[in-house]
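Enquirer: Pulled the feature table from Swiss-Prot, pasting it below:
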- R87, K91, H93, D112, D113, V114, A115, T116, T117, G118, G119, S120: 5-phospho-alpha-D-ribose 1-diphosphate binding site (BINDING)
- T116, R144: orotate binding site (BINDING)
Amino acid sequence: MDFVKALLDKKLLLIGNFMLTSGKVSPYYLDLRKLPNHPDIFSFVVSSAVDIVKGINFDMILGVVTGGVPFASFIACKLNKPMGYIRAEKKGHGTERLLEADVDGKKVIVVDDVATTGGSILKAVEEVRKAGGKVEHALVIVDREEGAFEKLESVGIRLLSVYKVSEILNSLIKSNLVAENEKKLISDYMVKNIGKS
């Protein structure tokens with residue numbers, strides 16, 4: 001499967017001017033929250049993710065709301081592992097918990113869709129550890145390579161990814177799928193941001 005072409009065709013990779021959760025402005029945006037709307041691509045990505053984590057010794061998978069939840073659910077189902085999720089902030093009703101899982105004494109893999117600086121994953125890891133869980137691995141579909149790997153490594157977490165954004169963007173730049181001015185914007189952004197933490 002030509003993943004980059006599929007991302008563009010399904011408008012999951014957008015070119016323009018986008019504000020990221022991290023506060024950075026980017027010339028591209030990966031809208032992976034819509035990936036489950038496309039079962040062929042979603043299934044391909046989930047199978048790739050399963051191949052990455054199946055050799056790891058862990059007890060459960062925890063999805064980061066909202067982007068990580070569909071991936072965590074399907075990966076957990078394929079591996080017959082329990083699954084939970086973690087919110088960014090407490091809801092104002094019900095149990096008012098951030099963490100919807102019993103992680104005490106369990107080895108947990110935290111799953112999200114995309115990592116930029118690693119802030120969302122780090123917050124999830126901290127909550128899991130506070131609740132007695134052990135986290136040594138996090139998995140994302142795409143690592144934007146803007147510091148998440150290093151930030152997580154500094155707290156003992158190995159960040160795994162199905163794709164590195166440099167692979168996606170280099171493929172995009174080499175293709176005829178985007179205009180020359182868009183290729184330049186992306187290339188300039190890569191030089192300034194990717195691999196610089």
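Cβ atoms here come from the backbone N, Cα and C positions, even for glycine.
Keep in mind it's a predicted model, so treat the numbers as computed, not measured.
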Enquirer: Using the structure shown, find which entry in T116, T117 (the binding-site residues) has the sparsest Cβ neighbourhood within 10 Å.
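Expert: Lowest Cβ count within 10 Å among the binding-site residues (T116, T117) is T117.
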Enquirer: Select the most exposed residue of R87, R144, where exposure means the fewest other Cβ atoms within 10 Å, treating these as the binding-site residues.
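Expert: Each of the binding-site residues R87, R144 was scored; lowest Cβ tally within 10 Å is R87.
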Enquirer: Taking only same-chain residues 6+ apart in sequence, whose CB is under 8 Å from that of G119 (5-phospho-alpha-D-ribose 1-diphosphate binding site), what do you get?
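Expert: Once residues fewer than 6 apart are set aside, G119 (5-phospho-alpha-D-ribose 1-diphosphate binding site) is near T21, S22, K151.
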Enquirer: For A115 (5-phospho-alpha-D-ribose 1-diphosphate binding site), list the number of other Cβ atoms lying within 10 Å of its Cβ atom.
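Expert: A115 (5-phospho-alpha-D-ribose 1-diphosphate binding site): 29 neighbouring Cβ atoms within 10 Å.
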Enquirer: Reduce the DSSP letter at D113 (5-phospho-alpha-D-ribose 1-diphosphate binding site) to three states and note it down.
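Expert: It is in a strand.
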Enquirer: Under a three-state reduction of DSSP output, how is G119 (5-phospho-alpha-D-ribose 1-diphosphate binding site) classified: helix, strand, or coil?
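Expert: The three-state answer is helix.
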